[in-house]
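According to TrEMBL, the domain 'Cation/H+ exchanger transmembrane' annotation covers 62-375. Annotated transmembrane segment per TrEMBL: 51-69, 75-93, 114-131, 143-166, 178-201, 256-279, 300-330, 350-369, in sequence order.
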Amino acid sequence: ANATHEVINATLHTLLAATTKLVAPTPPKPILPVQTGVQAQQEEQSSGMTIFFSLLVIAICIILVHLLIEYRLHFLPESVAVVSLGILMGAFIKIIEAQKLANWKEEEMFRPNMFFLLLLPPIIFESGYSLHKGNFFQNIGSIILFSVFGTAISAFIVGGGIYFLGRADVIYKLNMTDSFAFGSLISAVDPVATIAIFNALNVDPVLNMLVFGESILNDAVSIVLTNTAEGLTRENMSDVSGWQTFLQALGYFLKMFFGSAALGTLTGLISALISFFNFGDIYHIDLRKTPSLEFGMMIIFAYLPYGLAEGISLSGIMAILFSGIVMSHYTHHNLSPVTQILMQQTLRTVAFMCETCVFAFLGLSIFSFPHKFEMSFVIWCIV
């Protein structure tokens with residue numbers, strides 16, 4: 001019995017040692033350093049100047065848009081006017097920096113996180129909240145056709161063109177994987193510019209819906225194609241056949257598309273359920289009696305799907321779009337009249353300010369950093 005017990009213990013130790021070697025321990029998540037003292041004070045001052053500079057730019061752009069509306073200058077779209085104003089402001093700042101009168105490099109820098117986490121969600125959610133749902137779902141087949149096949153065709157044409165032009169020494173030479181990854185990434189249409197320009201021109205509602213819907217849904221297609229192209233360079237993909245790669249890409253796309261849409265829809269239904277509870281005075285929780293709290297709850301649900309989708313590697317744009325559509329159809333009618341008006345006006349105002357900030361900093365970026373015009377710049381001209 002003792003001998004058997006020792007054999008069993010030795011076997012368990014051997015299996016445990018082998019398992020430990022096969023399964024690598026999960027590395028702890030690093031904790032970012034916290035700035036204190038003088039560094040924290042400098043960071044606070046820099047952030048304060050950035051906020052001041054951004055609000056100043058938005059205020060000037062609001063005055064410009066008011067003048068366009070007041071004098072009925074409809075031939076000049078608001079987005080073009082704001083970008084032009086940003087270019088003029090960037091040139092003025094460049095002159096000041098050249099004369100060594102001030103240095104606003106830190107303030108005029110447009111950070112990616114600022115766009116994706118602060119500016120983009122209100123724009124997309126307001127578009128879904130004020131979306132004409134009849135036109136969208138009546139043309140859902142055409143929208144999906146343009147967003148899936150159109151984006152794929154654009155990605156292959158741009159990626160193939162970059163690859164073959166590089167081989168011909170016309171532009172900077174890239175390998176096939178990098179070329180198609182760039183083509184996939186650049187094929188996603190910018191919904192911010194599309195929404196602003198089409199609203200300014202008052203185009204046909206069906207055309208507006210087709211382009212807007214395609215510009216929203218092609219985000220998932222672009223992400224799938226880009227990740228697929230990057231995945232081909234991994235070592236474990238060398239033995240994977242083309243058919244298996246296609247199936248993996250298809251599965252990833254279905255997860256991205258339907259997962260993001262389901263997450264946004266579920267969040268919108270939960271908000272509608274909570275507002276229905278408020279309306280029916282169930283559980284003795286009625287936020288309709290306090291419009292400020294009710295409005296705060298709706299703002300939380302407006303941002304909730306975007307953060308959750310991005311955190312679990314889904315498309316935050318699609319999630320917040322479908323959440324806005326569901327909330328406008330179900331949740332909006334359960335809110336108090338004060339909150340209904342407050343939601344509509346607040347979303348429109350915040351979306352306008354975010355769009356204005358994006359276009360203004362787009363013009364500022366021309367003079368923000370030195371540009372090196374070389375043959376690789378032809379890539380951007382071709383695109």
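If you go along the chain as it appears here, the first residue is 1 and each next one adds 1.
Heads up, the Cβ atoms here are built off N, Cα and C, so glycines get one too.
Packing against the transmembrane segment (256-279) from elsewhere in the chain are residues 217, 220, 223-224, 285-288, 294, 297-298, 301, 304-305, 308-309, 314-327, 330-331, 334-335: each is 6 or more residues past its ends and has a CB under 8 Å from a CB in it. Of the two recorded stretches, the transmembrane segment (51-69) lies close to the transmembrane segment (350-369), with three or more CB pairs under 8 Å once pairs fewer than 6 apart in sequence are set aside. Non-local neighbours of the transmembrane segment (300-330) in the same chain are 116, 120-122, 124-131, 133, 136, 191, 216-217, 219-220, 223, 255-257, 259-261, 263-265, 267-272, 347; each lies 6+ residues outside the stretch with a CB under 8 Å from one of its CB atoms.
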